[in-house]
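Novice: Please read through the structure below; I'll follow up with questions.
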Amino acid sequence: MASERKFSRILTELDSRRSRHLYRHTRVADSPQQPHMTIDGKPMLVFCSNDYLGLANHPDMIRAFQQAANTYGVGSGAAHLVNGHSRPHQQLEEALAEFTGRERALLFSTGYMANLGVANALLASRHDVVYADRLNHASLVDAGLLAGAKLVRYPHNDTSSLGKRLKETPPNLPLSGEGQEGSAARTRLIMTDGVFSMDGDVAPVRELARLAREHDAWLMVDDAHGIGVLGETGAGLLEAEGLNQMDVPILMGTLGKALGTAGAFVAGSHDLIEYLIQTARTWIYTTAQPPAVAAATLASLHLVQTESWRREHLQVLIRQFRQGAEQLGLPLMASDTPIQPILVGSSEQAMAMSSRLEKSGILVTAIRPPTVPADTARLRVTLSAAHTVEDVERLLEALGRNPS
Ligand SMILES: Cc1ncc(COP(=O)(O)O)c(C=O)c1O
């Protein structure tokens, strides 16, 4: 029967994933997001969260969330353009613009949607081009694919290759064919992770900004893993590199990682934000995030800016982890950020290593293809300002007992 054929295809795919050690499943947490959690009923010391500053369970944010829920209720009720845009949303957009040194900011319900929305709004035809780093996050890859433009992927952080590709696809597209003469302008958009989500290294954003200016292309930096963590005030990689809105016209940041809540924003010029309000489908046609989430994020933004000790403590933990892991001879990657992957190679080995750690009460999930390229499965260790030096010692001891 046709319906049985349909099911047999998905069952075959599930079996194939199991046999290649690529099967994924969720675990259930019964505690807040913090280093010591109860997961699947067991106590676990966790080194895989994106809550880099340890804010997801901060009392100031819980209080702000509760107060806003008392005032605004739970649901936002509608999209921003209908009547779902409440005072905390407005205040958060203004605060994010100021925080990032941009004219305006626009809140999206998730980072995935922000990336899709920007690409879809800016790119209009199959002649337009997205240039994407090979190791970009899946949401940026999908943004390029779903926008219907030509997707050009360049080798990781290789700006000379990107330069060549920009020259090969010039801004003016020659028109040929019956009734067509001359040339048409095409939109070109360079999209990159700021901090690469599975590798922890950073994009050469100054050189990317220079190339974008030279070739009159848009540059969009997805700083999901840099916001809160990098820069003097935590405004991210672009603050650390001194790049303003003219250098990087489109900055995307997420709120569900270092800021400890949920959602995302795009920051840029007044005109860019007005254009997104008119055209970004993943912003227009979706319910605004709950106002209480925006209120909690405002509280988090205050902590990020005023309590720099979290970033300083993170740096101490990063150094401690790297020194200890190097002494153990573990294959670390070139990263100075809280994302400190241990490159294992085979998915089977990565799964075995992760499950040995789990037996010692430590959770570090194995990241496998297609999230990362074939044969580069890894344990994505992430550090949080909420970890103590003793927590990191415990991880190093367990890694020492259970080498790859
Ligand atoms: C680089 C990067 N961009 C975008 C996203 C998506 O953000 P969100 O989780 O808010 O959808 C993620 C991770 O989730 C990410 O790592």
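Cβ atoms are placed via backbone N, Cα and C, with glycine included.
All TrEMBL annotations are machine predictions without curation.
Just so it is clear, the model here is predicted, and its values are computed rather than measured.
So TrEMBL has the following annotated:
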type	residues	note
BINDING	ARG24, HIS137, THR371	substrate binding site
BINDING	GLY111, TYR112, SER197, HIS225, THR254	pyridoxal 5'-phosphate binding site
DOMAIN	43-399	domain 'Aminotransferase class I/classII large'
MOD_RES	LYS257	N6-(pyridoxal phosphate)lysine
REGION	159-183	region 'Disordered'
Novice: If you run the three-state DSSP split on THR371 (substrate binding site), which class comes out?
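Specialist: For THR371 (substrate binding site) - judged by DSSP and reduced to three states - the answer is coil.
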Novice: Determine the mean pLDDT over the domain 'Aminotransferase class I/classII large' (43-399), rounding to the nearest whole number.
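Specialist: Residues in the domain 'Aminotransferase class I/classII large' (43-399) carry a mean pLDDT of 96 in this prediction.
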Novice: What three-state secondary structure does DSSP assign to SER197 (pyridoxal 5'-phosphate binding site)?
Specialist: coil
Novice: Less than 6 Å between Cβ and the nearest atom of ligand 1 is the rule; apply it to the binding-site residues ARG24, GLY111, HIS137, THR254.
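Specialist: Those binding-site residues that pass the cut-off, since their Cβ is under 6 Å from ligand 1, are GLY111, HIS137, THR254.
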Novice: Could you check which of the recorded positions (HIS137, LYS257, THR371) sits closest to HIS225 (pyridoxal 5'-phosphate binding site), going Cα to Cα?
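Specialist: Answer for the nearest of the recorded positions: LYS257.
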Novice: If you take the centroid of the Cβ atoms of GLY111, TYR112, SER197, HIS225, THR254, the listed pyridoxal 5'-phosphate site, which other residues of that chain have their Cβ within 8 Å of it?
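Specialist: Close Cβ neighbours, site residues excluded: HIS137, SER139, ASP222, ALA224, GLY256, LYS257, ALA264.
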Novice: What whole-number Å value do you get for the CA-CA distance of THR254 (pyridoxal 5'-phosphate binding site) and THR371 (substrate binding site)?
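Specialist: Taking the Cα atoms only, THR254 (pyridoxal 5'-phosphate binding site) lies 19 Å from THR371 (substrate binding site).
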Novice: In the structure shown, which of the recorded positions ARG24, HIS137, HIS225, LYS257 has the fewest Cβ neighbours within 10 Å?
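Specialist: So among ARG24, HIS137, HIS225, LYS257, the recorded positions given, the one with the fewest Cβ atoms within 10 Å is ARG24.
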Novice: State which of the following binding-site residues has the fewest other Cβ atoms within 10 Å around its Cβ: SER197, THR254, THR371.
Specialist: THR371
Novice: Tell me, how many other CB atoms lie within 10 A of the CB of GLY111 (pyridoxal 5'-phosphate binding site), whichever protein chain they belong to?
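Specialist: Other Cβ atoms within 10 Å of GLY111 (pyridoxal 5'-phosphate binding site): 25.
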Novice: DSSP on THR254 (pyridoxal 5'-phosphate binding site), three-state: which is it?
Specialist: strand
Novice: Report the largest Cα to Cα distance, in Å and rounded to a whole number, among the residues ARG24, HIS137, THR371 that the record lists as binding substrate.
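Specialist: So the maximum pairwise Cα distance among the substrate binders is 18 Å.
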Novice: Hey, how far is HIS137 (substrate binding site) from GLY111 (pyridoxal 5'-phosphate binding site), Cα to Cα, in Å?
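Specialist: Distance between the two Cα atoms comes out at 11 Å.
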Novice: Using a Cβ-Cβ cut-off under 8 angstroms and a sequence gap of six or more, which residues of the chain neighbour TYR112 (pyridoxal 5'-phosphate binding site)?
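Specialist: In sequence order, the residues whose Cβ lies under 8 Å from that of TYR112 (pyridoxal 5'-phosphate binding site) (at least 6 apart) are SER139, ASP142.
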Novice: Nearest to ARG24 (substrate binding site) by Cα, among GLY111, SER197, LYS257 (recorded positions)?
Specialist: SER197
